[in-house]
Amino acid sequence: MATVEVEHVTSVAVEIVETEVNQHPEEVFVEDAEKTNEDEEEKAAVITETPTVVEEEKKAEEVTETPEEKKTEALEEKQTEVAAAEEVAVEKAKE
């Protein structure tokens, strides 16, 4: 008895879905397309939020860098800036 009722309910549900699809196939297609777009947007969001290998390496370097290394790096940057400024001064003096 219960099996017959379940089969009847299932067949009625299938008929309702088939009727909806047959009456409004464009709506079903649009809903599927919208769902696909949402899925793709979610995947894209996850991809863009994932840190790149380069970013991870930079973070790892920052963590492992000692204060002495930071001072040395800052000194090298300053020396580079001074050298560039000297070159500009020499060029202006030549003119």
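Keep in mind that glycine also has a Cβ here, set from the backbone N, Cα and C atoms.
What Swiss-Prot records for this protein:
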- 30-35: repeat '1' (REPEAT)
- 30-94: region '6 X 5 AA approximate repeats of V-E-E-K-K' (REGION)
- 39-43: repeat '2' (REPEAT)
- 54-59: repeat '3' (REPEAT)
- 54-95: region 'Disordered' (REGION)
- 55-80: compositional bias 'Basic and acidic residues' (COMPBIAS)
- 67-71: repeat '4' (REPEAT)
- 75-79: repeat '5' (REPEAT)
- 90-94: repeat '6' (REPEAT)
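The region 'Disordered' (54-95): residue composition by secondary structure is 39 helix, 0 strand, 3 coil, according to DSSP. Confidence for the repeat '3' (54-59), expressed as mean pLDDT, is 76.
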